[in-house]
Amino acid sequence: MLLNGQISALSLDDNDNGQQHQDEVQAKHQDQGHTCPSRPSVPSLSRIYRCTPVPTIVLDASMVIIEVSNSHVALFGKPRDSLLHTSISDVSPECIPVPNIPILYGALRAACSTREIQVVEHVVVGEKIAHNLRVTPVYEDETLLFVVLEVENLRAEVINNQHAYMNETYKILVDTVKDYAIFMLDPTGHIATWNAGAGVLKGYKAEEIIGKHFSILYSPADRDNGKPARALDVCLREGRIEDEGWRYRRDGSRFWANVLITPIYQFGQHVGFVKVTRDLTERKEAEACMIAAFEESSRLKTDFLANISHEIRTPMNGMQIALTMLTDTGLSEEQREHANIVQDSMSLLLQIVNDVLDYSKLSSGSFSLHADMLDIREIVGAVVRNCRSSLQEGVELDTEISPKLPTRMRGDPLRYRQVLQNLVGNAVKFTEKGSIHVKITSSTDEEDSDSSVVRTEVTDTGIGVPDSAINTLFTPFSRFANSAARKYQGTGLGLSICKSLAELMDGSVGYSPNPNASGSVFWFTAKMGGRSVTPPSKSPSVSGSPVPTEVASEMRSIAPRKHVLLVEDNIVNHTVMLKLLHTIGFQRIDGAWNGAEAVRMVRQKPLSYDIILMDVSMPVLDGLAATEQIRDMGLTMPIIAITGNAMKGDAETYIAQGMDDCICKPVHRDQLLRVLWKWFGT
C-alpha cells in the first residue's frame, strides 16, 4: 500500500500472504455452492511472465519484485537475481523504467486506488528509444494480488503521428522567423537545432554548428570566465535567464544581443534548453549616440557657463578692486553715494551670475556639499551684519537662537549661509517697515541620535505673498512681487536654489503667512552632524564675515617682509591687483604676464618668492601648467589661483593639481586679506 508517498506492504486481511487468502476465498465459494475455477500455480505464472516478449516486472502486494522477464533482462542488462525479492523502491528508476521514483509512486498509487491501468508515457531508454510503462493492478474482489509493470516500445512512426501536428506547427513557426535566432541545446549546452534566423544572425549553417557547444557564440573572455556555464546554472535554478551583451558571428564580427534561455522538461526530466536571441545592435548604437549627445550637450553647457562666468568676472574684478581703492580716497558725500550705487549694481550683477551657475549645477545633479565644522551662531551673526546696511529706515532686524543649539556641528557652512543669506536678503528687500526676526532652533534627529536638525525661520512684516503665487514660490524663474513694474530686481532663482540646497542638506524648505501681521514666514531645515571631523589639509577659501581690523593691521606689518609674484595676463586686472596689494602693505611685488614668464622668473630666483598669485586662464602657458613646472623644481611656496572660473569642482581641481588655495574673481579686499592671512598670519 502507498502511505504518505511511500511504498509499504498492502493489507491482506490479516493473513500472511496472498496464497492463504486465495485458499480461503476458494473454500468460501465452495461452501456457497459455487464452483471456483482452478487457477494456475505460481510456477506456471512465473514461467509465463518470465517468457513474455514484453519486458515485465511482477510485484506482490508488498511491492516486492517476485518475477522479472527475460526480455526485461535483455533490454536493461540487469541480472534477474539482483532484482528478485527487492522492494521496487530500491530499484534504480532507469531499470523500471521511469524518469524518477516519485513518478512511479504516483502511477502505483493511481493504479491501486482506481484499479485501472496507468501509463507513464515516453520514457527514454538506451539509445534515445521512447517507451511507455504500463502499470496493471491485479485484484480479486477487494484483495490486491499482483502489480504488473510492462515496458512497451513505441515505434518512431507512432510518436511521429502523435506529435506530427505540433512538430509541423513548431517547425513552420521557428523556420520562418528570421529576425530571431531560435535554437535548442541539449542538457550539456551543445546545439541541437538551428533555425533560419540563427543562420542569418550568427552566420553559421546548421551542419556547421549543430553538435558544437553554444559557448562558441561568446567572446573568448566570456568563455574564460565561465559565463556560458553560469548562464545555464542560473537558468536551471531560477527557471529562466535573460541577458544582454556582445555575441560573436562566424566571421568574428560582434553584435549586441538580447538573450533568453529557458529550460525544457519532459515528464519531469530535464531534456535541454531553448535559446532565443535577437540583435539589438541598432538600439545599442542609438542609445550610445543619445548618451554621447547628452554628454556633449552637458559639456557644451558647462563650457559655455564657465566661459560666461570667466568673461563676466574678469572685467568685474578690475571694477571691484578699482572701486575698493576709490572708496578709500577722500570722496565727497555725493561721490561716495555714486560709488555705493556702482557697488550695489556690481553686487547684483555678481549675484545674478552666481544664481545662474548654481541653478545650472543643481539642475544637472553635479552639485555636492563640502562637510566641515561650522558655528551656526557665527554664520547667523555674519549674515545679519551683512544685511543691516540694506535695511529700510526704521526696520529692525533681530535674532533668537536656542540655547540648546550645539556650538559646533558638522555641515556645509557655505551652503547653509547661502540659504540663510537668501531668505534674510529677501526679507530685507520686501520689508519697508516693521521688523525682521531670525529664529534658530534645533532638535535631535529621529533616525540618527548623533545628528541634529536645525530649523531656521525668517519672519518679516513685509508685503507678503499673494495666494496666487504660493504654489510657485519655489519654482525656478518665478517672480511675483510687482513684476510688471519690476520694482524688485532678481532672477527668480533664489528660492528654487534654496529648496535644492536644503534638500541636499537632508532638509526641506517652506512658507507660511505671518500669523501676527502682514508679511511672511520662510523656514528651512538642515541636518547637521554632531561629531567633529578633520578638515582637509587644503581647501578653497570661502568668503565670510569682514576681516577684523586687527588682522588688517597685522597683515600691514607682515606684508613688507614678504615677496609676492603676481601672474595675470589682463592689463586692467594686473594693474589694479598690484595697487590693491600695495594698499594691503606689500612692497616687493613682481609681475608676470603669462605662465611661461612666471616659470622663468621663479627658476631665476627659486627661493625669493613667499607666495604666488596665479591667474588660471592665460596665453602661452596657463596657470595649471605653470604650477606643475614650479612644483617639479621642488618648490613648495603657496600658489593661489586667481580665477574667473566658478563652476563646481574648479577650485578642487586646481588644488588637486598642485595649487594651495583659490580666489574667484571679482576679488574683494577682505577675501584677499583672509587668504593671505591664512598663509602668512598663522
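Note: Cβ is positioned from N, Cα and C throughout, glycine not excepted.
The annotation compositional bias 'Basic and acidic residues' is assigned in Swiss-Prot to 21-32.
Look at Swiss-Prot and you will find 45-105 tagged as domain 'PAS 1'.
What Swiss-Prot records for 166-239 is domain 'PAS 2'.
According to Swiss-Prot, the domain 'PAC' annotation covers 241-292, on the basis of sequence analysis.
Taken from Swiss-Prot, the feature domain 'Histidine kinase' applies to 307-530, supported by sequence analysis.
If you look up Swiss-Prot, you'll see 563-680 marked as domain 'Response regulatory', on the strength of sequence analysis.
Positions annotated as phosphohistidine by Swiss-Prot, on the basis of sequence analysis: HIS310. Less than 8 angstroms from the CB of HIS310 (phosphohistidine) sit SER617, THR643, GLY644, ASN645, each of them six or more residues away in the same chain.
Taking all protein chains in view, 28 other C-beta atoms sit within 10 angstroms of the C-beta of ASP615 (4-aspartylphosphate). The 4-aspartylphosphate feature in Swiss-Prot is assigned to ASP615.
What Swiss-Prot lists as region 'Disordered' is 11-41.
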Recorded stretch that, among 45-105, 307-530, 563-680, has the most CB pairs under 8 Å to the domain 'PAC' (241-292): 45-105
Within the domain 'PAS 1' (45-105), residues counted as helix, strand or coil by DSSP: 28 helix, 11 strand, 22 coil
